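> Take a look at this one; I'll ask things after.
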Amino acid sequence: MARPRISISMICLLILIVGFVLQSSQARKVLVPYGTSKGLFLSALPKGNVPPSGPSDKGHTSPPDDTDQRMVPENSPEIYRRLESVPSPGVGH
């Protein structure tokens, strides 16, 4: 009678495939409780009234009115000089 030969490489391939299938099926069965993610998020939030971040009791203030005058207008040539591309230091000599 002729016996079929199974090579070692076929056995290794079969073990490898079975291992991947078992790992992937086990990974799908991991249960995450519904309230866990909400509890972590809510515990990171501050409780009660949040004090102002500045040293004064005024709280948050608006920026000064002259900020618009200090900004560079869009049609100014200065903006083109600032946005020019510069070659990297590795190029050239």
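The backbone N, Cα and C atoms fix where each Cβ goes, glycine too.
Pulled from Swiss-Prot, these are the listed features:
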type	residues	note
MOD_RES	P87	hydroxyproline
MOD_RES	P89	hydroxyproline
REGION	45-93	region 'Disordered'
SIGNAL	1-27	signal peptide
> According to DSSP, collapsed to three classes, what secondary structure does P89 (hydroxyproline) have?
coil
> If you count Cβ atoms within 10 Å of the Cβ of P89 (hydroxyproline), leaving out that atom itself, what do you get?
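Looking across every protein chain shown, the total is 6.
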